[in-house]
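Quick notes on the structure that follows.
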Amino acid sequence: MSPSTMITALKLTFLLLGIGFCYRLQHSDTNEETRAAQPSKYGSLWPLPQKVQISEVSFKLSRASFQIIDAEQSFADPTCRLLQDAYRRYYEYIFVGAQTHKSSSNKRAGRAELTELQVRITSPDTECGGYPEVTSDESYELSVDQPFAVLKAPKVWGALRGLETFSQLVYEDEYGAKSINSTVISDFPRFRHRGILLDSSRHFLPLKVILANLETMAMNKFNVFHWHIVDDQSFPYMSQTFPQLSKQGAYHPYTHVYTPTDVKIVIEFARLRGIRVIPEYDTPGHTQSWGKGQKDLLTPCYSGSEPSGTFGPVNPILNTTYDFMKRFFTETSSVFPDAYIHLGGDEVDFTCWKSNPDIQKFMVQQGFGDDYKKLESYYIQRCVLRLLALALLSIFIFPLADTYNCICAQYQDEMANITSSGYQTLLSTPWYLNRISYGQDWQGYYKADPQDFKGTEAQKKLVIGGEACLWGEYVDATNLTPRLWPRASAVAERLWSAMNVTDTTDAFNRLSVHRCRMVERGIPAQPLFSSYCPSEYKGI
């Protein structure tokens, strides 16, 4: 090697070393060793229950003898499919990967065995055959002791949450045997609306992916699936009243649609896990895919005095628009059992409306002047009246000045403004999980609180919960689940647990184990930091 070649090689080596050193300075964690999860006094409970007492006394559980059954005093019986399915599901979760450990039975022969979890529904109206609602009672009490464990709940929805908690109390001892400590828990959610938004328009989400995430939502005690089912990009909802909407508006009319059967499967799968399904049909904006299958629904845009050949938001001045909406929402109200429907209402571009001469005349006739927000309000009010006639309630997005780059003060001020007007309110702004960054961004989600704003107690009572949103511009079936979990778990605890549960160190300790539990159950939840799980994700 010539001297000049050697010098060049050395320069390149030092350059690469320098780049690597700079990268380590930017991305290394000086507390890497201290970031290893430590045992929490609350075990791996997630979200943390309201009241927990865990003793040092432990019992062993055996796959051969343990069972989950209805208590004799329970108002639910073996005909309650919801509970019977849950018993089988959680039995399998409790003993996932469990094997016979001959050595453990010999070395721990003195330990008592827990053979039953008795589930008692205390209300005559168990709601077993119904659907969860915004007012559903999810409270429960759990006692783990001899001679058996007891789970009491007024309704089946609380029993579902208690079964998840019981499964989280189970661990493997040093000999690999399934164990559980004597425990007393009294629990209920802080907020009654705890949602996940998934976007199936920008990228189509196969049914299997949606169901897997409903399962994971139940593991984290979420109770609302906000299904952003259609948008500008595609219309995958197969309407029986207007079949041309998906025929023309879906990415593919046969492979990239949700049939009526698919929708029923999602709703029932969710119901069996205590999860409401709220569909979102965003209007008047975000409707380009609608216009492909419904003539004259969208506003013709103009370039000067001539139509430009492009279309804008829904045309709000035609009676045919409202006739269509009434028929469409009459259908969806028969498909989706929830009392609420989400109408979006955000990000309406007024440019096309402003260019249209017919809309300009309408603005003058209505006395709206140049305020196109009044025209949007006119449209929304007419839609809401039709929904009320169908006994449906509406949810709308109240946009911030810059939704994607909002700062804390913005959403706090907006929460104060909206609640001061007497509106019930949900928070989602700080929980847009499609925004990703290097590092443990879950802590920011964990610290955001829906009631952290200046206002009266009456105002704060109007906050009924929040949602973690995963918008689909860069998300499809290949990356949705690991991007969502366990980051959404941080939101789950904020919406379920008491307001004073804010210790991020303890949260990290519990969440690390909870993440591994999700992995063990087949969910590819991404890691919080450098670590390992006893049972790693096996892949597809």
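Note: Cβ is positioned from N, Cα and C throughout, glycine not excepted.
From a predicted model like this one, the values you see are computed outputs, not experimental measurements.
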I want to verify the bond table. Which candidate from C22, C80 sits on the other end of the disulfide that TrEMBL records for C128?
C80
Going by DSSP, how much of the domain 'Beta-hexosaminidase eukaryotic type N-terminal' (45-169) is helix, how much is strand and how much is coil, in residues?
34 helix, 31 strand, 60 coil
Give me the Cα-Cα distance between E347 (active site, proton donor) and C128 (disulfide bond), rounded to a whole Å.
40
C516 (disulfide bond) and C352 (disulfide bond), Cα-Cα, nearest whole angstrom:
50
Mean pLDDT across the domain 'Glycoside hydrolase family 20 catalytic' (191-498), rounded to an integer, is what?
93
Sorted by position, what residues of the same chain at least six away from C516 (disulfide bond) have a C-beta under 8 A from it?
C533, P534, S535
